[in-house]
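Features as listed in TrEMBL:
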type: BINDING; residues: Lys124, Gln187, Gly219, Asp250, Lys393; note: UTP binding site
type: BINDING; residues: His220; note: substrate binding site
Amino acid sequence: FISDLSKAMSQAGSSQFQEVIRQELEYSMKIELDKILETAPSNELEHTKKDLEGFKKLFHRFLQEKGPSVDWGKIQRPPEDSIQPYEKIKARGLPDNIASVLNKLVVVKLNGGLGTSMGCKGPKSLIGVRNENTFLDLTVQQIEHLNKSYNTDVPLVLMNSFNTDDDTKKILQKYSHSRVKIYTFNQSRYPRINKETLLPIAKDVSYSGENTECWYPPGHGDIYASFYNSGLLDNLIAEGKEYIFVSNIDNLGATVDLYILNHLMNPPNGKRCEFVMEVTNKTRADVKGGTLTQYENKLRLVEIAQVPKAHVDEFKSVSKFKIFNTNNLWIALSAIKRLQEKNAIDMEIIVNPKTLDGGLNVIQLETAVGAAIKSFENSLGINVPRSRFLPVKTTSDLLLVMSNLYTLNAGSLTMSEKREFPTVPLVKLGSSFTKVQDFLRRFESIPDMLELDHLTVSGDVTFGKNVSLKGTVIIIANHGDRIDIPAGALLENKIVSGNLRILDH
């Protein structure tokens, strides 16, 4: 085989050789996917077929692409007018008929994720974040408040994954009397592939029991195809809806903004945007976030995974790339339909390597919803205040949103007026706090954090009731030691170490 191979190499030049290999891989993949499709029960056949067709296209593109997908030399700063400051958009005010504008809107929340990174089973959206309210509760309250205040009918659409669909649907019954129509659709289900063979590890369509690890939801870029395939896109267009506002369900800052909506529906130059991305200024904590650039005369989202290794530090620099994508997006429904029908939505492939419990290395091919910005006409970035980006990815984030830094009103969290400066404190909780249940067990009540700048906690630490934290507080319990912060304690610029020695910072 080896001598045949070297003959083939010398005869056919390496690019033709690579083409042969590619065709063989695609052919092998097709055979495996056909085998999987044969195991689908008749009621799942159509659906599975669509999923596997979508996967085949993605796999084909994955085999075609070589190296990082951007040419660093072509990246330019976006032109001045392509990223508008939010203040300018807000200064236009609101029209009298704001209700008629709102009635053209649909709110879409990306609800495919599980709470595993915070030690929870089931959908992340069902984790309690504030006074027993979950992410989903807060979302429904926000939209219900909007509909009641303006006498409108803004629906909520949840994009679930096969991981979250059943649990979410069970919970939705509790909102049956709320003033929000709630729709769901499922994103695609794609097979994970073995990193060595590049073939699917699934042998049949089932995804329960030992097969749960064989399948994955392919990232939120899948929204365009699955929204369209579900038939919901057409139904909403038929109802007269014109824009969707898409965001991650765990971003508590992503509320409907009437000024941005008005800017979309009544553009100052008369030309409507098909795609608006909310960006916000980077801080040191956001160096990895995707950024908007000008590339081949189009706005383009560049993610860290696409950057050639030699330029990663430059990409992370706060001085050159000052903004990042919040994943709050406003997109025209008619444009999604048009592009989807022409198969013209182009998103870079993200190759996400995973190691399964048994040690097998797999890859999953994904796309990101914001990467499609370059396929839409007349796109725009809006530089919004940091308050519109409040993601809860870890228990450190959870501590912030549970605390008195924020007040809760009609499902929306806003920074307390009692906080002197509008930036959020930097909080780093150690591994003893990673899981939500451990985190909750370690706080008898959430500390007063109004005057906190920085908190680091490491090791076996617990907090009594009514603790106040101010300035910079660092609490480090050494291995084998335990620190209990007593009830009512005030820690201001303190370092607490060992077995509760309190030092001034």
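We count from 1, first residue shown onward.
Backbone N, Cα and C atoms are what each Cβ position is placed from, and that goes for glycine too.
Overall, the recorded UTP-binding residues Lys124, Gln187, Gly219, Asp250, Lys393 cover a maximum inter-Cα distance of 21 Å. The Cα of His220 (substrate binding site) lies closest to that of Gln187, out of the binding-site residues Lys124, Gln187, Asp250, Lys393. Around Gly219 (UTP binding site), a 10 Å sphere centred on its CB holds 23 further CB atoms from the protein chains shown. Looking at Lys124, His220, Lys393, the binding-site residues in this record, the fewest other C-beta atoms within 10 angstroms of the C-beta turn up around Lys393. Neighbour list (Asp250 (UTP binding site), Cβ cut-off 8 Å, at least 6 residues apart, same chain): Gly113, Lys124, Ser125, Phe135, Pro391, Val392, Lys393. Around Gln187 (UTP binding site), the same-chain residues at least 6 positions away in sequence with a Cβ under 8 Å from its Cβ are Gly112, Met159, Asn160, Ser161, Pro217, Pro218, His220, Asp222, Ile223, Ser226.
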